[in-house]
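Asks: As annotated in Swiss-Prot:
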type: BINDING; residues: Arg197, Lys198, Gly199, Lys200, Thr317, Ser533; note: CoA binding site
type: BINDING; residues: Gly393, Glu394, Pro395, Asp417, Thr418, Trp419, Trp420, Gln421, Thr422, Asp510, Arg525, Arg536; note: ATP binding site
type: BINDING; residues: His549, Val552; note: Mg(2+) binding site
type: MOD_RES; residues: Lys623; note: N6-acetyllysine
Amino acid sequence: MQLDDDLEFAKKIFNPNRAFAKQARIKNMCEYKDLVHEANEDYEHFWGELAKQKLTWFKPFDKVLNSDNAPFFKWFENGKINVSYNCIDRHLKDKKNKVAIIFEGEMGDYNVITYRKLHSEVNKTANLLKNEFNVKKGDRVIIYMPMIVESVYMMLACARIGAIHSIVFAGFSPEALRDRINDAQAKLVITADGTFRKGKPYMLKPALDKALENNACPSVEKALIVIRNAKEIDYVRGRDFVYNEMVNYQSDKCEPEMMDSEDPLFLLYTSGSTGKPKGVQHSNAGYLLWAQMTMEWVFDIRDNDNFWCTADIGWITGHTYVVYGPLACGATTLILEGTMSYPDYGRWWRMIEEYRVDKFYTSPTAIRMLHAKGENEPLKYNLESLKVLGTVGEPINPTAWKWFYEKIGNSKCSIVDTWWQTETGGHIISPLPGATPIRASCATLPLPGIHAEVLNEDGTKTKPGEQGFLCITKPWPSMVRNIWGDEKRYIDSYFSQIKLNGEYVYLSGDGAIVDENGYITIIGRTDDIVNVSGHRIGTAEVESAISKHEMVVECAVVGIPDTIKGEGLFAFVVLCDGAKCNLGESLELLKEMNHILSVEIGKIAKLDNVMYVPGLPKTRSGKIMRRLLKSIAKKEPITQDLSTLEDVNVVKEIMSIVQMEE
């Protein structure tokens, strides 16, 4: 019955709030179509004019787009710019006393940072990096930090002096941190002693110590530690230095480095299907332009708005919509330390009420969890300040969408269901809150200037209602520029599978369906990446970790639907010598494998289900038939062609286990 209700609700069309639409930047579909037409008529002129109007340049660019070495595209060639200057300095004349950042700590502490204060702190931090740690333009700096204001200072300080920052999510294990440090060949690592989570200290420095032990990261010269929770920690003499003790001795004046448009701004590591994380490389100018434009178009950001994106800065959403996008627009951005559930599940709604949040951006996983923990909890708070709601990271189901729309938005806020990726830098497909009629769980239309299409493997367009591969058929300014140190992997990952008019196009790895009106609905991953609570986890990485258990011979991991997390991890495990285990042993083995995953990858990687099988279904070339295993895990009929299997009896044995468990 619930499924029928969801399907019926998903067909409904919700028009933008009329009062909101009247004052929106893009007020109706005619204006949207005019922008799309303008971009289609003269693609380079469209992007060039936006770059001239929206960004502050030290030296103008002389060419909008250089495609000579495609797919290594260059945007705004020979222009000189600085991201930190665009996010801070240019606002000082009119907004120096405006609040740039509102910070609320887990333990109730509170901090307000004006643009003038932000300018001072970023400059002092930049001088500290230059003068005391010899960080220069092009050096890589790893930031392993929690959600505190100093994390933003570090990002902007790196941007100011031309260093390339790479943020590693603070929930990642020492091993995952070590891999990223070594791949980036980082010179400096910045962390905090710890943070607070669920009302208790959560330590980070010990993870850094473990990552660096035994000279495991030879490129690292020094470590900079921010004192946050003041718990006693160990220091390595000559390597570890305390930020809080040094930064105030630095000058608050630091001239921004003149950066080329195409110089790397940051690396952000994301899961790859081979198991080795990919260092996604983003540029200065193109990335910042799209961060600002999507804030203006998708969130209709206004000068007096308080904008809150709940993402961690360790993910691309935190980069673009906690830091760079809001600050490029001169807006006020909120930063929250800790979890949604401490001291109770009303924390987020209290924050929206207290800080008069106008635009609120979060994940479907968070929405589902808050819905499950207190369907009517939001009714205790005044959420009338909200004007736009947004979702990110994964498709949102109709039930969660409906609750978000009705209970959080009071049936008056547009929901911008955004589709994009680490590699795209910013939104690609999204409703516009003042213009686009919306449907539950539908990303709707590509943004102006973006050529997103759903294609078959042969490059032809799918028919309405047919599932295909979501591709982007023209370059755009904020696109990934390379995989750090691995050009071949960049081409193989994104530009090697589907051609349109004889040229390879960007393959997103997501499946999608387009309807007769051009609206696009995202289905989910088509490759070996599982989206758990908005976090992309490579199945190869999970399999590699599980296989380290002494009892495991081999395994295969697939994603299955999860009502809270979006997707969960289901493992098919072959044990040593055909060993079998009873229920108690099975649960203990699951616990041990999850411990390994926590150590190797982080707590976000956790097996939800395990099936112990005698073997895995493989083709004669040795490839595991994952789609077949996914069908079994989801308890769907097997429709795959089994003729290529090396041993069809393996499938029969697995199916007999399924029947026994039922």
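Glycine too: its Cβ is placed from the backbone N, Cα and C atoms.
Show me how these features fit into the shown structure, please.
Replies: Following the DSSP three-state reduction, the secondary structure of Lys200 (CoA binding site) is strand.
Counting every protein chain shown, 24 other Cβ atoms lie within 10 Å of the Cβ of Thr418 (ATP binding site). The DSSP secondary structure for Thr418 (ATP binding site) is coil.
Counting only same-chain residues at least 6 apart in sequence, those with a Cβ under 8 Å from the Cβ of His549 (Mg(2+) binding site) are Leu589, Glu592, Met593, Ile596. DSSP gives His549 (Mg(2+) binding site) a coil state; it is part of no helix or strand.
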Asks: Taking the Cα of Ser533 (CoA binding site) as the centre, which of the binding-site residues listed as Thr418, Trp420, Thr422, Arg525, Val552 lie within 10 Å of it?
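Replies: Those close enough: none at all.
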Asks: I need the CA-to-CA distance for Trp420 (ATP binding site) versus Gly199 (CoA binding site), whole Å please.
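Replies: Rounded to a whole number, the Cα-Cα distance is 33 Å.
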Asks: Given the binding-site residues Lys198, Gly199, Lys200, Thr317, find the one whose Cα is closest in space to the Cα of Thr418 (ATP binding site).
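Replies: It is Thr317, whose Cα lies nearest.
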Asks: Within 10 Å of each Cβ, count the other Cβ atoms, then let me know which of the binding-site residues Gly393, Pro395 comes out lowest.
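Replies: Comparing Cβ neighbour counts within 10 Å for the binding-site residues Gly393, Pro395 gives Pro395.
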Asks: From the Cα of Thr422 (ATP binding site) across to the Cα of Lys200 (CoA binding site), what is the distance in angstrom?
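Replies: Approximately 31 Å lies between the Cα of Lys200 (CoA binding site) and that of Thr422 (ATP binding site).
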Asks: Given the binding-site residues Lys198, Thr317, Val552, which one's Cα is the least distant from that of Gly393 (ATP binding site)?
Replies: Thr317
Asks: Rounded to a whole angstrom, what is the largest C-alpha distance between any two of the residues Arg197, Lys198, Gly199, Lys200, Thr317, Ser533 that the record assigns to CoA?
Replies: 26
